[in-house]
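Let me begin by presenting the structure, written as structure tokens, before commenting on it.
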Amino acid sequence: MKIAILGAGAFGTALAVALSVKGPVTLWGRRIGWRGENPRLPGIPLPEAVAVTDDPAAAMGCDTMLLAMPAQALGGFLAEHGPALDGKMLVSTAKGIDLRRLTGPSALIAEACPAARIAVLTGPSFAADIARGLPTALTLACADPATGQALQHALSTPVLRLYRTTDVTGAELGGALKNVIAIAAGVVIGARLGDSARAAIITRGFAEMTRLAGRLGARPETLTGLSGLGDLTLTCTSQQSRNFRFGHALGAGADFDAATTVEGVATARAVARLADRIDQDMPIAAMVARLADGLVSVDNALEHLMSRPLKEE
Ligand SMILES: NC(=O)C1=CN([C@@H]2O[C@H](COP(=O)(O)OP(=O)(O)OC[C@H]3O[C@@H](n4cnc5c(N)ncnc54)[C@H](OP(=O)(O)O)[C@@H]3O)[C@@H](O)[C@H]2O)C=CC1
Ligand SMILES: O=C(CO)COP(=O)(O)O
């Protein structure tokens, strides 16, 4: 397989570094203003086997493309480049729900590239960890088992271990929804509500994730796997997470750099709309959307969540 990574942010660059141990990789970004080391991934020199380009034509000779841009950018990217990508193996790494279509990345890709073979790469993995060669386990989701198997082998390395599933819906919903819950966990810690409250948010957040994903056709075991519980655990407990840090700043009343990618904000809004549409109760996700939009204070959000009717677990 000839691999190109489209999107030269932290994650695309980290994957390029990791996969370059197996052969040449093309890394495409829409505007490459750096040489040797990507400022979004500081301290990681790019190996020679990574060819960096801002020319989309330079990537089109590859048969396998990893789409490594934020979920809300994917629709616009596909509107421009979809026809050139159709027929290829396309692997999305975005962890979010598109705010306009209320779908995950795989449905956006399927619409723009109907002849593509589509997969999702997700799971607990900070870009910096992958780029440093630290051991990482991910989920590769693909509805077609043969394509999934081929991609699993092509994208695994001695330190990057991919597990396979055909449950694309579950894998991408786990990755998207955990970002929303990670913001809530960050709020709890930023507002000094304590580790016990964070454990409650993680657990009840996971219950919300599982309920919504189940309604949308996901398999329960996918949600308890790397792409669901695994990534939820990582993101809710690490300062490396941008979603957690954003929530922490919200909870502490501190500023946060608006240029940082925080997938959980738009996804919380998307989840709130989706939940309304299918009449699914998602109290934590709904509260994250309202908090991020400044429609409710942390104190009021807490009061609202704590005063809901008592019920069975
Ligand atoms: N960072 C991580 O640890 C991980 C991230 N992910 C997921 O990967 C996705 C990307 O995240 P990450 O790389 O960290 O984000 P970054 O903020 O580091 O980078 C985003 C990249 O996307 C590019 N981009 C934005 N819009 C477009 C567009 N329309 N066309 C082409 N490129 C575009 C940006 O380009 P420009 O610089 O020109 O704006 C930038 O290079 C997210 O969904 C994230 O959840 C998954 C696992 C781990
Ligand atoms: O998805 C991630 C880890 O698996 C990265 O999380 P953040 O986007 O919150 O940094």
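A Cβ is built for glycine as well, from the same backbone N, Cα and C atoms used for every other residue.
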Among Ala127, Ala128, Ala292 - the residue TrEMBL places in the same NADPH site as Phe11, Arg30, Arg31, Lys95, Arg242, Val262, Glu263: Ala127
DSSP-assigned states of the domain 'Glycerol-3-phosphate dehydrogenase NAD-dependent N-terminal' (2-146) in counts, ordered helix, strand, coil: 44 helix, 33 strand, 68 coil
Most distant Cα pair in Å, residues Phe11, Arg30, Arg31, Lys95, Ala127, Arg242, Val262, Glu263 binding NADPH: 23
Filtered recorded positions, from Phe11, Arg31, Ala127, Lys178, Val262, whose Cβ is under 6 Å from an atom of ligand 2: none
Sparsest-packed among the recorded positions, when each Cβ's other Cβ atoms within 10 Å are tallied, from Arg30, Lys95, Lys178: Arg30
Secondary structure content of the domain 'Glycerol-3-phosphate dehydrogenase NAD-dependent C-terminal' (167-302), with strand meaning DSSP E or B: 101 helix, 0 strand, 35 coil
Distance check against Lys95 (NADPH binding site) for the recorded positions Ser125, Lys178, Ser241, Asn243, keeping those with Cα within 10 Å: Lys178
Cα distance (Å, whole number) from Glu263 (NADPH binding site) to Ser125 (sn-glycerol 3-phosphate binding site): 15
